[in-house]
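**Q** According to TrEMBL, the record shows the following:
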- 52-72: region 'Disordered' (REGION)
- 91-110: region 'Disordered' (REGION)
- 97-110: compositional bias 'Basic and acidic residues' (COMPBIAS)
Amino acid sequence: MDKKIELSSNDVINMFMEAGLDDDEIKKAINTLEDFTPEAVYNYLNMLKEKEEKTQKEKEEQKLENERKNKEMLKKQAEWKKNQLRRVKTKISAAQDENRKREEEFDNETQKGYDDVVISEYFRIRIFNPEDKQSMWIGLKENATIKDLFNKVRDNYSKKFTLSNYASGKELKENDKNLSEVFPSRTCMLELNGTLLSLDISE
């Protein structure tokens, strides 16, 4: 059998450099090769190429898998938020129903004796004092402000007081906003916490 022709070490090194190997990779290749035949050099370079392609393929597959998992996680998060929002809406709806029921029941009870109340102003506001279970009615013009409402109530109270929405319990802050910006309708009911001096609010 004819002896295989081997390349010089310089030729092999030049081939590896042309193939893009760095110094460490060339040293490893030289130590790994059993001989410097063209076939051995070619097979080694081909092995590196296949290894690199395999690594790249695995990275791409891992990237796709990570993207799939991320999409699945985002989908689960979106579904969880959707369910949470649905539960919150259900709770809000139940609370609103309860508030409406509470106000209707209160209206039915406290409206007794007020059928003859006639208010000609644009806004018709009922102020309920939970301490003595009594109510008074206040009429205000269409361009009236929250401050006008407080001043009207203040005429009948000697101490500091607060006003809040009877249904929601949210406190009403005294400011210069028009009543139309705060109240959804011309008739509303407020709760007062303070000291009642008089129920006579006639001008």
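We count from 1, first residue shown onward.
Quick reminder: no glycine exception, Cβ is built from N, Cα and C everywhere.
Note that TrEMBL annotation is computational and uncurated.
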**Q** I need to check the long-range neighbours of the region 'Disordered' (52-72): which residues 6 or more away from its ends have a CB within less than 8 Å of a CB in the stretch?
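**A** Cβ under 8 Å, 6 or more out: none.
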**Q** So, by DSSP, how many helix, strand and coil residues make up the region 'Disordered' (52-72)?
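**A** Breakdown, helix to coil: 21 helix, 0 strand, 0 coil.
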